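Report on one structure; see the data block that follows.
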Amino acid sequence: MVLLWSTTILPGAKPPACDQLRNGCESATWSQLMPLYFAFGLMSLGSGGIRSSSLAFGAEQLDKGDGTKSKGALQSYFSWYYVFVSASSIVAVTCIVYIQDNLGWKVGFGVPAVIMLLSALSFFLASPFYVKSKANTSLLPGLTQVLVASFKNRRTKLPTQATEEMYHHGKGSMRLMPSENLRFLNKACMAKHPEQDLTPDGRASNPNSLCTVEQVEELKALIKVIPIWSTGIMIAVTISQSSFLVLQASSMDRHVTPNFEIPSGSFNIFAILTLTIWIGLYDRAVLPLASKIKGKPCQLSLKLRMGIGLLFSTASMTAWAIVEAARRSIAINEGISDDLRAVVQMSAMWQLPYLVLSGLAMAFNMIGQTEFYYTELPKSMSSIASTLSGAGLSAANLVASLIMNAVDDITKRGGNGGWIPSNINKGHYDYYYWLLTALSMANFLYYLACCKAYGPFKGRVGTAFDDKDGMEEEC
């Protein structure tokens, strides 16, 4: 953030100011772009470290000291974690955007830099109070070893009736035999010649030829969740269209009162508010009321929550396509389609259906995804579980770019202006949104197939859920 801030302060760190809509602008030089790219790279590394660890680290603070966590507390934690993440996003799209619009980039980037400094200081000052688990060895080499060992042992025949003695497992392991799904991976932990394959202390003499049952089961668990993980990419694609949201809002009447209008960059606050309000209602009103009616603790199943989120995402794109078609029609009828700065006589509040439905989609699907990974993967894979959602968002940004570029290239053929030109009034952004609607619906059907193939959700093996209040059932 400091480096990004410096690009607005140092003389010559950016091209001269210009009116991008009316005049040709001087392009940035390589020496001006390098600090900017380097700042983005550092921010990516930093956020990668934070986002991949903070969720799992926070969950560790709920440890009772005997290796167990309260199931109710864990579920509530996931929800409220996203409430506070959303609260920070609200500050970003309101206060920070307001500062940048009215006080310029020097102050606009300086404020986040100071906030990051205070955040780092508060983290380290609170460090003595944290529950800190000892770091384990990296999982990635172990998962790779399973693939290598299973390939090396591909000609080994698996016994029809296996015993515990046939497989290599770590000392004190609770799992002595591998599961029957993805059986070909079981060859990686099968000790054909124990006297040769194992050292005197019980370790594998060659980890690339013999792995433990735990390593095999970790890879199986990861492979098993990947199809459902992939269904979350499309919902993230629909949410990542924020630049189009700003473009659309800029061309509409954003006044709430005669003297106040909402900045176009702040409209995403409605999706974030919807997410935050629903989480509060779900955790503090919906579940307690449903449990009272049932007479015992209950909850919506993860499968149902994720599926509802995908349907809300599809509905949000439908609403957006309808609003954009109406906005474009008004711009043409008013004769202002050639003016990039023109504002149509249509309230930007018509974007609310898309934003509210998008917020509900995030509340149901993305939080459900995180809880799904965290409960379905083994405890040793907590960091990977908390990283999968972020990896899905990263993949979604790439997929969104591919879809947009493909649509732009295809629709421009034959000398046409294309669906998504720089002038929003000249294109057919509504067609683009309808395409995303169709892809979202296809993704929902794919999700149903993945759920059927996955089978029942089993919860974490060997963990850690304390249900003293009785069995919990689906509402």
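Here the Cβ of each residue, glycine as well, is placed from N, Cα and C on the backbone.
Automatic prediction, not curation, is the source of TrEMBL annotations.
Pulled from TrEMBL, these are the features on record:
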- 80-99: transmembrane segment (TRANSMEM)
- 111-131: transmembrane segment (TRANSMEM)
- 228-250: transmembrane segment (TRANSMEM)
- 262-281: transmembrane segment (TRANSMEM)
- 302-323: transmembrane segment (TRANSMEM)
- 343-364: transmembrane segment (TRANSMEM)
- 384-404: transmembrane segment (TRANSMEM)
- 431-450: transmembrane segment (TRANSMEM)
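Below 8 A, the CB atoms of the transmembrane segment (343-364) and the transmembrane segment (431-450) form no more than two pairs separated by six or more positions in the chain, fewer than 3 in all. Most Cβ pairs under 8 Å with the transmembrane segment (302-323) belong to 431-450, among the candidate stretches 228-250, 384-404, 431-450.
Under 8 Å from some Cβ of the transmembrane segment (80-99) lie the Cβ atoms of residues 55, 58, 107-108, 111-112, 263, 265-266, 268-269, 272-273, 275-276, 279-280, 283, 363, 366-367, all in the same chain and six or more residues away from its ends. Remote same-chain residues near the transmembrane segment (384-404) are listed as 48, 51-56, 139, 222, 225, 229-230, 232-237, 239-241, 366, 369-370, 373-374, 376-377, 420, 432, 435-436, 439 (criterion: CB distance under 8 Å, separation of at least six residues from the stretch ends). Outside the transmembrane segment (228-250), and at least 6 residues removed from its termini, the chain residues within Cβ reach (under 8 Å) are 262, 264-265, 267-268, 271, 306, 309-310, 313, 316-317, 324, 327, 348, 351, 354, 358, 361-362, 365-366, 369, 372-373, 388-389, 391-393, 395-397, 399-400, 403, 420, 424, 429, 436, 439-440, 443, 446-447, 450-451, 454. Counting residues 6+ beyond its ends, the transmembrane segment (431-450) has Cβ neighbours under 8 Å at 227-228, 230-231, 234-235, 237-238, 241, 306-307, 310-311, 313-314, 317-318, 320-321, 324, 403-404, 407, 419-420 in the same chain.
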